[in-house]
Amino acid sequence: MDFKLTVLPGDGIGPEVMAEGLKVLNAVAKKYKHSFEYQYGLIGGCCIDKEGVALSPETLAMCKKSDAVLLAAVGDPRFDDPKLPVHPEDGLLALRRGLGLFANIRPVKVAPSLVNSAPIKAEIVKGTDFIFIRELTGGVYFAKPKKRWTTPSGIRKATDSMTYSEKEIERIVRVGFELARSRKKKLVSVDKANVLLSSRLWRQIVIEIAKDYPDITVEHILVDACAMKLILAPTYFDVIVTENMFGDILTDEASMLAGSMGMLPSASLAGIPAKGTKTFGLYEPIHGSAPTIAKQNIANPIATILSIAMMLRYSCGLETEAAEIEAAVDKVLAAGYATIDIFKEGNTKLGTAEMGSQIAKIIGG
């Protein structure tokens with residue numbers, strides 16, 4: 001099969017981990033006789049340097065003509081000053097909005113060989129395997145009104161409003177129900193309905209949609225309670241659905257269960273994934289650009305590699321190939337190979353390129 005992909009290496013360690021992801025994808029293409037055409041674009045700090053914006057209209061147009069988009073990392077400390085007119089992260093927000101990517105899917109699975117790598121007791125994290133579904137294009141991050149001002153008396157103020165429409169909530173919640181149906185048929189909806197009106201609407205709509213999924217067990221949990229339970233009993237969860245800001249915070253917390261943010265992939269989809277269908281999406285590791293370790297061959301490429309597996313599953317309809325990448329990662333970890341972020345005594349330490357080569361080697365036989 002033939003596919004056209006837009007590749008956005010981005011900033012910091014982005015180009016390094018992307019190179020390893022494509023190395024593994026090329027191994028899959030060779031084995032299964034697929035063709036992947038890569039077209040490259042700029043995003044983030046490197047795009048600001050060259051074009052003065054974090055995402056150009058040309059790059060966005062290129063993404064829209066692709067079967068899927070691969071992104072590595074966005075962020076550059078040179079642009080951290082909040083007074084600057086443009087920031088690297090603006091490009092990512094514009095990309096999500098421009099491509100209609102409303103559903104962020106983040107699997108959190110702890111490999112048996114990494115149960116001792118997390119800062120949490122092994123007996124707690126062992127067996128953790130759940131999926132976070134985060135609404136991505138609404139809520140406070142896309143606030144309207146959103147402003148900052150100084151009052152006549154000289155007091156500085158700022159406001160960000162959290163707004164959700166019924167349609168925005170319904171489509172992301174249906175993603176949650178569909179994925180729950182393909183797993184253990186258990187869905188946890190996270191909100192703050194004891195305080196926020198937007199959360200009360202969220203909960204009401206979840207209750208209404210649940211009638212269409214009588215085979216799914218639904219639980220409502222407040223965001224603060226969820227934050228505690230993720231650390232105390234992560235194996236309790238299977239599929240979690242929540243709004244934008246809550247999901248942003250909780251998924252970073254959950255990443256520590258796997259021992260490193262370098263282990264966790266993500267997919268941002270423009271539709272509801274269903275078996276036998278292809279859904280346009282953006283695929284990226286959940287980690288940042290990590291500029292302090294860039295160009296040192298020490299970054300962990302596994303999150304990028306697993307993101308490519310998600311792309312094969314959701315946007316290419318290639319479940320067998322996706323599962324093979326995931327199995328290859330498990331085999332490499334079980335054999336004791338590790339990058340510095342997950343290294344422990346007894347492991348064989350590998351650099352970024354070497355880790356990618358090991359995984360590609362297993363796929364290539």
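Note that Cβ sites are derived from N, Cα and C of the backbone, with glycine treated the same way.
Residues annotated as substrate binding site in Swiss-Prot: ARG96, ARG106, ARG134, ASP224. Sequence annotations record features per position, and here Swiss-Prot assigns Mg(2+) binding site to ASP224, ASP248, ASP252. The NAD(+) binding site annotation in Swiss-Prot covers GLY288, SER289, ALA290, PRO291, THR292, ILE293, ALA294, LYS295, GLN296, ASN297, ILE298, ALA299, ASN300. Taken from Swiss-Prot, the feature site 'Important for catalysis' covers TYR141, LYS192, and the record attributes it to sequence analysis.
Neighbour list (ASN300 (NAD(+) binding site), Cβ cut-off 8 Å, at least 6 residues apart, same chain): VAL17, SER260, GLY262, MET263, HIS287, THR339, ILE340, ASP341, ILE342, THR352, MET355. Around the Cβ of TYR141 (site 'Important for catalysis'), the same chain contributes LEU93, ASN244, MET245, ASP248, each under 8 angstroms and 6 or more positions distant in sequence.
In the shown protein chains, 12 other C-beta atoms lie within 10 A of the C-beta of ASP224 (substrate binding site).
When Cβ atoms from all protein chains are considered, those within 10 Å of ARG96 (substrate binding site) total 20, not counting its own.
A C-beta separation below 8 Å, combined with a sequence spacing of at least six in one chain, links LYS192 (site 'Important for catalysis') to SER199, LEU222, VAL223, ASP224, PHE246. Ranked by CA distance from ARG96 (substrate binding site), the binding-site residues ASP252, ALA290, GLN296, ILE298 have ASP252 at the top as the closest. It is ALA290 that, of the binding-site residues ALA290, ALA294, ILE298, has its Cβ surrounded by the most other Cβ atoms within 10 Å. Separation of the C-alpha atoms of THR292 (NAD(+) binding site) and ASP252 (Mg(2+) binding site): 20 Å, rounded to the nearest whole number. Farthest C-alpha pair in the NAD(+)-binding residues GLY288, SER289, ALA290, PRO291, THR292, ILE293, ALA294, LYS295, GLN296, ASN297, ILE298, ALA299, ASN300: 16 Å apart. Taking the Cα atom of each, ILE298 (NAD(+) binding site) and ARG106 (substrate binding site) are about 23 angstrom apart. DSSP assigns ARG134 (substrate binding site) to a strand segment in the three-state reduction.
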